[in-house]
2 protein chains.
Amino acid sequence: MFTDLADFHQWLAQRHEANEYRVTPAPLNRLDGWAADPVTGDLHHSSGRFFAVHGLDVTGSQREVGHWQQPIINQPEHGVLGILVKEFDGVPHCLLQAKMEPGNVNTLQLSPTVQATRSNYTRVHRGRAVPYLELFIARGRGRPLADALQSEQGSWFLAKRNRNVIIRIDDDIPVLDDFCWLSLDQIGHLLKVHDLVNMDTRTVLSHLPDALLPAGDRFRGTPAHPLPELLNWLTHHKTMDRTVRRAVPLAKTEGWRMTDEELRHEHDRYFRVIGVDVQAQNREVASWSQPMLAPCGEGVIAFVVRRIDGVPHVLVQARAEAGTPDGVEIAPTVQCSPGNYAHLATGLRPRYLDTVLSAPPRRILFDVVHSEEGGRFYHARNRYRAVEVPDDFRVDVPDGFHWATPGQLAQVNHYGGLLNVEVRNLLTCMGFIA
Amino acid sequence: MFTDLADFHQWLAQRHEANEYRVTPAPLNRLDGWAADPVTGDLHHSSGRFFAVHGLDVTGSQREVGHWQQPIINQPEHGVLGILVKEFDGVPHCLLQAKMEPGNVNTLQLSPTVQATRSNYTRVHRGRAVPYLELFIARGRGRPLADALQSEQGSWFLAKRNRNVIIRIDDDIPVLDDFCWLSLDQIGHLLKVHDLVNMDTRTVLSHLPDALLPAGDRFRGTPAHPLPELLNWLTHHKTMDRTVRRAVPLAKTEGWRMTDEELRHEHDRYFRVIGVDVQAQNREVASWSQPMLAPCGEGVIAFVVRRIDGVPHVLVQARAEAGTPDGVEIAPTVQCSPGNYAHLATGLRPRYLDTVLSAPPRRILFDVVHSEEGGRFYHARNRYRAVEVPDDFRVDVPDGFHWATPGQLAQVNHYGGLLNVEVRNLLTCMGFIA
């Protein structure tokens, strides 16, 4: 435990020095253990496990563009993202880990106690066991505070879901190298630092009861729309959505070009699929190779926040993405990579993007750049921002949008599959960054 | 409105006489508008709409039998099941409809205000408009009390889901022929009558707030296991489930025989797929033909109820069926057709079946035979029963089972996709049958 966050940063620097890591870009067509299917061009691991990269055709979307094709990561198995919580002197702390991921811009970020794909924990790679995993998958050790199957980035993953689990323990457990206990207040401060608290930690933290959160007062107050209205709006959009997703051979994905080195969009938009060779001394296996998805440009993930009768509400949208597991989920006010829209007519610019980008500093509740999951995404960064708009901002919003209190989103979040990963990440920032 | 239920029964008899209905069994291979695919044998409507009958191969199941093949109904579109609620003299009433369905043993049962497949309401059959539908699909008329996408019979439907919607209105609306307002107390009494309140009504009613329910006191009291434990148990079983579902040609479905007349299992177990010709004067179209699934034998759908620290709890199971949309859902203590297990070893008899069948009368909270949806299922009847077991019944239950209060199930039910249709139907009986 750290009495001062300066000690934490010193510890993190030591963890950095104590281990050796190297991530080297490598041609996609010569990655050890990976091969393109001779017919479809789809990328697979020789074991048939881990994940694959396929092509996907999307039609009928209500989004800015109604039809497109794209590569997508297919990883149908459910992994476990778990955080242990324990009180020290009455103050709840989370056990987090300084973990290297090949896609991290800064090598080490704070991961959950456990971040394991099913391949990890069934030990496909014959590596070391995942520490603390048995506390999450064997029932009856500790008290569960949350456990929900949640989706991840719908524009990059096909129907990917991970278990988000929080277990409260009373017993003392050994703290291994690379792990540390941090209080929720400390995590709140660390969430203001760019690229430090990783995506898996942020999504799991969105399930903590609001009574424990440093900025939990933002979660309280009477909602303008009772919960059944929010669910009615969401179910309406789920049932009215006409998005059709169809697998296509990766080699035939319209608008995408495979070179020896990488797979890229013909106009250098959206993302590239690249290869990396990885050496990491303290991971389950010491070296491996893998494809990664490298986004083109930084994204924006933002809430418009407005007080309605004095109670803070966030503006959310019902959104269908390429890989959304159940068609439509609740998404933030804004979720986009602005560069991908630059070629479109002004009217197709994402709604409310200008509102959140042009807000004066005094109206910005938080503004921090966080990384997306470094195990699949290479240098994937998004600006997480919440902007409080004045009372003359229209309460009456377009049909695909709805006002909700952060408390309502937290309530809905316990059941899994209703909030997308971007809105869960913002919700964590809302609850932790005071 | 009826001051006395005798008046209701008289009205129902009049509705019966006022309309003419005829359901005639017809050979499956000569149904108007339907044809078997020449390659697979799958049954389709010539429009490509409504529904189809496919073959399904199921492996990896944790159920009594680990591998099987079966026909299954494929109806991927979401329909709407909606009930209007309105207070008269401060007493909430539901608008229900006496509706003919070809599979009903008694022709007319009480359907929800609206019971429309997407084909219905987009008018594929070019029939009459569905009355009151606009109150459910246009948002902003009335106040939603519930709206959830819910699964239906997982052993007969492939990933079928319908919207379950309750809308509260204040305005007066015209009451059309075949419709009537019934108070919740009256519905409670009618739920004790065999084959009267249809499945669609029962599933929608499971979403009413417990404060309104005639037997809502059963929903209150402190649960032995807080909600996060219940969700942890469910998510554990969802992620550990290894059931694999694979489409197979209907003509090649192992163990099933297609005759000119019908499709049946070689040992006359499970169900048959039959054809019917239908004439109904007051439906959207006056006559049509369709395949129907006709179960072999009556089923049992039951709760074991036990007081824990004085609070009523029901025993539920985590259950994967052939067509469960998201792998595993919460199911009742017992859900089976006992005849289908008669050929298996005693150890493979469904757990707790004998407990619920052999209970002495004084321990039976309710026991009533209800019909499943008469639009797809022909004479499909289940005994719905709840049995209160004494305090020496073990609280410690096998891993796939869990104790929950009816109030917890009602809470979870608002989000859709967590409770299967059988447990929702039992929950309605628990809340209404005082």
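Counting begins at 1 with the first residue displayed.
Cβ atoms are placed via backbone N, Cα and C, with glycine included.
All TrEMBL annotations are machine predictions without curation.
Noted in TrEMBL for the protein shown:
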type: DOMAIN; residues: A:6-208; note: domain 'dTDP-4-dehydro-6-deoxy-alpha-D-glucopyranose 2,3-dehydratase'
type: BINDING; residues: A:Trp34, A:Thr117, A:Arg118, A:Ser119, A:Asn120, A:Tyr121, A:Asp200, A:Glu373, A:Gly374, A:Gly375, A:Arg376; note: dTDP-4-dehydro-6-deoxy-alpha-D-glucose 1 binding site
type: BINDING; residues: A:Ser155, A:Trp256, A:Arg319, A:Gln335, A:Cys336, A:Ser337, A:Asn340, A:Tyr341; note: dTDP-4-dehydro-6-deoxy-alpha-D-glucose 2 binding site
type: DOMAIN; residues: A:229-430; note: domain 'dTDP-4-dehydro-6-deoxy-alpha-D-glucopyranose 2,3-dehydratase'
Q: Determine, using Cα-Cα distances only, which of these binding-site residues is closest to A:Tyr341 (dTDP-4-dehydro-6-deoxy-alpha-D-glucose 2 binding site): A:Trp34, A:Arg118, A:Asn120.
A: A:Trp34
Q | Confidence summary (mean pLDDT) of the domain 'dTDP-4-dehydro-6-deoxy-alpha-D-glucopyranose 2,3-dehydratase' (A:229-430) | A | 95
Q. With every protein chain in view, how many other Cβ atoms are within 10 Å of the Cβ of A:Arg376 (dTDP-4-dehydro-6-deoxy-alpha-D-glucose 1 binding site)?
A. 24
Q | Packing count at A:Gly374 (dTDP-4-dehydro-6-deoxy-alpha-D-glucose 1 binding site) (other Cβ atoms within 10 Å of its Cβ) | A | 27
Q. Looking at Cβ-Cβ distances, which residues of the chain lie under 8 angstroms from A:Ser155 (dTDP-4-dehydro-6-deoxy-alpha-D-glucose 2 binding site) while being 6 or more apart from it?
A. A:Gln70, A:Glu321, A:Ala322, A:Gly323
Q) Where the record says A:Ser155, A:Trp256, A:Arg319, A:Gln335, A:Cys336, A:Ser337, A:Asn340, A:Tyr341 bind dTDP-4-dehydro-6-deoxy-alpha-D-glucose 2, what is the longest distance in Å from one Cα to another among those residues? A) 24
Q: With H, G and I counted as helix, E and B as strand and the rest as coil, say where DSSP puts A:Trp34 (dTDP-4-dehydro-6-deoxy-alpha-D-glucose 1 binding site).
A: strand
Q. Expressed to the nearest Å, what is the distance separating A:Ser337 (dTDP-4-dehydro-6-deoxy-alpha-D-glucose 2 binding site) and A:Arg376 (dTDP-4-dehydro-6-deoxy-alpha-D-glucose 1 binding site) at their Cα atoms?
A. 18
Q: Using Cβ-Cβ distances, find the residues under 8 Å from A:Trp256 (dTDP-4-dehydro-6-deoxy-alpha-D-glucose 2 binding site) that belong to the same chain and are at least 6 apart in sequence, listing them in sequence order.
A: A:Gly55, A:Gln69, A:Gln70, A:Pro71, A:Leu250, A:Leu263, A:Arg264, A:His265, A:Glu266
Q) By CA distance, which of the binding-site residues (A:Trp34, A:Arg118, A:Asp200, A:Gly374) lies nearest to A:Arg319 (dTDP-4-dehydro-6-deoxy-alpha-D-glucose 2 binding site)? A) A:Asp200
**Q.** binding-site residues: A:Trp34, A:Tyr341 - member with fewest neighbouring CB atoms within 10 Å
**A.** A:Tyr341
Q. Under a three-state reduction of DSSP output, how is A:Ser155 (dTDP-4-dehydro-6-deoxy-alpha-D-glucose 2 binding site) classified: helix, strand, or coil?
A. coil
Q: Specify the count of other C-beta atoms within 10 Å of the C-beta of A:Arg319 (dTDP-4-dehydro-6-deoxy-alpha-D-glucose 2 binding site).
A: 24
**Q.** Long-range Cβ environment of A:Asn340 (dTDP-4-dehydro-6-deoxy-alpha-D-glucose 2 binding site), under 8 Å and at least 6 residues apart
**A.** A:Arg269, A:Tyr270, A:Cys296, A:Gly297
Q) In sequence order, which same-chain residues at least six apart have a C-beta under 8 angstroms from A:Gln335 (dTDP-4-dehydro-6-deoxy-alpha-D-glucose 2 binding site)? A) A:Gly299, A:Val300, A:Ile301, A:Ala302, A:Arg319, A:Pro350, A:Asn420, A:Glu422
